[in-house]
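Step one of this worksheet: look at the structure below.
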Amino acid sequence: MSYVKVEKASSFELTISDIAPDKSISHRSAMFSLLSDEPSQIENFLRAEDTLNTLEIVKALGAQVEESDEKILIKPPKQIQEPKDVLDCGNSGTGMRLFCGLLAGINGFFVLTGDKYLRERPMARVAKPLRSIGAKIDGRDNGNKAPLALRGNTDLEPFDYESPIASAQVKSALILAALRAKGECSISEPELSRDHTERMLQGMGANIDTHWSHGRYRVDVVPLTKPLEPLKIRIPADPSSAFFFAVAAAIAPRSKVVLENITLNPTRIEAFKVLQKMGADVVFLEKENKYEPIGDIIVTHNSLHGVEVSENIPWLIDELPALAIAMAVADGRSIVRNAKELRVKESDRITCVVENLKKCGIQAQEFEDGYEIIGGELHSAAIDSCGDHRIAMSFLIAGLVSGMEVRDIECIKTSFPNFLDLLSQIVKVERGD
């Protein structure tokens, strides 16, 4: 099993212009190219395991993909083809859930699978509403776990679905299915989750309206009557990936980082605002706004204090493990609630965060929907990543104040292939098998 050791770091100042491209937008760019009848041009596509798996699935569905160093050109098929083999989503819940929605209205038979971690994640939250409108989806655990076998239906019923949870993946899957339904459809959620799907599809010409109604965020979708316009997009840097280095600057004394060309979508920068609330100096500089607002984020070290986080959880669900590291060195108590979704991510992130913090000498306890962390002095420890890229990267960042060894780090490649290269610019990194 591979491992990485990092030594305690001194202060640093760093400008990072090559944060990994945004994973959410990369997935969607590849998928949504299938909704046009003209080639889509994608610059700065994330070349990580998860998104490359999505690109391979797009090829298997009939698209031609031309790749160069700077851009990807995707030529969609005249109609999506039934693949000859199983579609492998790797570690990506986004890939599996969104492809279920995309393929629900396509005539054909499709089998979606993934790695051992993805095959244990719940899929009924997408499969059940799709079944209710006419798609045939089955799988392990009564259709709740992959591999999933899907037979599309070109006669999907119109629907009005009230999601019990705020989930960008559930919402996006249903929006994609709605584009091929027989009539207008609506999806609502109790809070606004990430809205890349709505923004990008509207930018491609889809008739999608978003608004608040009776305390719920609502998306109204008119089915397609013609192919959408092709994408011409340069994918910004991923704020979820950038946030690891924001935490690094916040916890390392006399440190500062400039994170360039990040998407500043309000549903993606909530964790930075929490870090700001904890006492870190955080500045947002917007530079452009087409499909998404894009700009720079500057984070400078300052003394941190505890914080309670219970609102807008869907906006920072992926950043909570890294935020837990800031909480661990902050003065006082921090509490995270309403984050039960952490238990069904790539790992049970509530248990993994709490148990690993305890190894580092930090007082922490689990709740069913979150945890409590008492800030203190981090100690060096041997950490198990739980096969989860965000756990691995979070505790490597923790090593900046104490030194740390993190085991099973291959998972980092699923989202942030150059993470260790960037980390080595601010701290000594030792890799081993």
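Each position is counted from 1, following the chain as shown.
Quick reminder: no glycine exception, Cβ is built from N, Cα and C everywhere.
The annotation active site, proton acceptor is assigned in Swiss-Prot to Asp318. Asp318 (active site, proton acceptor) falls within neither a helix nor a strand when secondary structure is assigned with DSSP, and so counts as coil. All protein chains considered, the CB of Asp318 (active site, proton acceptor) has 25 other CB atoms within 10 Å.
The Cβ of Lys23 (3-phosphoshikimate binding site) has 23 neighbouring Cβ atoms from other residues within 10 Å, across all protein chains displayed. According to Swiss-Prot, the 3-phosphoshikimate binding site annotation covers Lys23, Ser24, Arg28, Ser167, Gln169, Asp318, Lys345, on the basis of sequence analysis.
Close to Arg121 (phosphoenolpyruvate binding site) in the fold, though at least 6 residues off in sequence, lie Gly93, Lys145, Ala146, Val344, Lys345, Glu346, each with a CB less than 8 Å from its CB. If you look up Swiss-Prot, you'll see Lys23, Gly93, Arg121, Gln169, Arg349, Arg390 marked as phosphoenolpyruvate binding site, on the strength of sequence analysis.
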Most Cβ neighbours inside 10 Å, all chains, among the binding-site residues Arg28, Lys345: Arg28
Candidate with the highest Cβ count within 10 Å, taken from the binding-site residues Ser24, Ser167, Gln169: Ser24
Residues Lys23, Gly93, Arg121, Gln169, Arg349, Arg390 binding phosphoenolpyruvate per the record - widest CA separation, whole Å: 19
Nearest of the recorded positions (Lys23, Gln169, Asp318) to Arg349 (phosphoenolpyruvate binding site) - Cα to Cα: Asp318
Inter-residue C-alpha distance, Asp318 (active site, proton acceptor) and Arg28 (3-phosphoshikimate binding site) (nearest angstrom): 17
